Every structure is written in C-alpha cells, then in structure tokens.
Amino acid sequence: MPNFIVIKEDTLHTWGHASRYLFDMVLIRVKSHCTEFRSTSCLPCTEGTFMNQPTGQTLCDPCTRCDAGSGLKIKTSCTTTSDTVCEPLEGFYCFDSAEDGCMSVQRHTLCRPGQYIRQYALTDTECSDCSAGTYSDGTFPSCRPHTHTGTVSTDAQCEQSWTGMVAGIVSGNFLNFLIGTAAFLFYRFRLKKGCLNRGMILNVDHKKCF
C-alpha cells in the first residue's frame, strides 16, 4: 500500500496516502512512486520552481513572475518551498490580493489640476482641493504657494513677463549701440577721406584737417 513518508533526523514516519517527502522540513517532488516492492524516490525542486505543500506530483510548480509591465515588482523572491510574493510598483495599488502578496494591480487615479495628492491609499489615490493662494497641477504631494498671482492649477506668470520685458530692453539697447557705432565709424571715414583728398591729415581730437 502506498504511503507518504516524512524523513526527519534519519527517522521514518508513515503519514497518509501521498507521495511527497520532507527531509529536514524541505519539500521535494516525487521521482517515482512507491510500489509493494520499493519505496518512493524523490528529488528536490529545481531553480524557478517550488512546492509549498505535500502532494504526489512529479513536477514542482513554476514560480510566479512579478511583471513590471503589469505594475508588479518582487516583494519576496521564490524559493524551492515558497512562491514569489509580488507587490505594486509606485503609482499602482493592489486590485487582487493573495495571501501576503498581490496578483494584479491598477494604476492610481491622477488628481485633477487644482488638487494635490493627500495620500496613496491601499485602494486608490486620495485627492484634496488646493486652498486660496496655492496651486497644484495634480501631481504634487501638497499645494504650493503662488509667487504673486495665479490660478489653483498654475503658478503666477509675473516672473515670465518680467523676464521677457528685461530681455526686450537689453536687446533694444544693444541694437541702438550697434547703429550708433556704425554711424560714428562712417562719419569718421568720410572726414578722413576728405582730408586726404586735400592732402591734409585728420586731427582725431578736434575732428579737423591740418
């Protein structure tokens, strides 16, 4: 009659009608079942497989994969005696839990502009409205104070306007400088040419020929 055997500290104990063994409390799979003429032969699970309870299976179960593309990451790695435990990636929450882990997730709901993320709850995001004088684009963990003026979803535009005005003033002054320099050089060239035509030399300080 087939028996399930627990092997621990070199002591054999009969335990029911299964063909799975425990050696020093490590579960192993069945290589060949016992008969009336021979005992059951067992092997440990290979890497990437596990067995977490006694059965008569000849193959261990494949380890669960925590797929990052599905919003999961590894919480506890798989061993030969326990399956992988998965947990949600940041920005996701567990939709279908199993024991200590998570089997499937959903992405956290985004807060609307004018709201901040109060907390990432176990179920979904909890959002709250910004108070007067503050703003958030929906991704901030708290509302931020306005620089000067603005809306609940955007900061003040004053700084941008001031920057543009300063840039315009600088550009205008530089252009005037270039025009003035060009006019002065042209005037000086004409004056020098006139002196040379009369066989004279230009006095730069007094701007006269002598």
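Note that Cβ sites are derived from N, Cα and C of the backbone, with glycine treated the same way.
What TrEMBL says about a protein is an automatic prediction, not a curated fact.
For the recorded site, Cys60 (disulfide bond), the DSSP three-state label reads coil. Taken from TrEMBL, the feature disulfide bond covers Cys45-Cys60.
DSSP places the residues of the domain 'TNFR-Cys' (44-86) in helix, strand and coil in these numbers: 3 helix, 14 strand, 26 coil. Annotated domain 'TNFR-Cys' per TrEMBL: 44-86, in sequence order.
The repeat 'TNFR-Cys' (44-86) scores a mean pLDDT of 89 in the predicted structure. Sequence annotations record features per position, and here TrEMBL assigns repeat 'TNFR-Cys' to 44-86.
Annotated transmembrane segment per TrEMBL: 162-187, in sequence order.
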Count of other CB atoms lying within 10 Å of the CB belonging to Cys45 (disulfide bond): 21
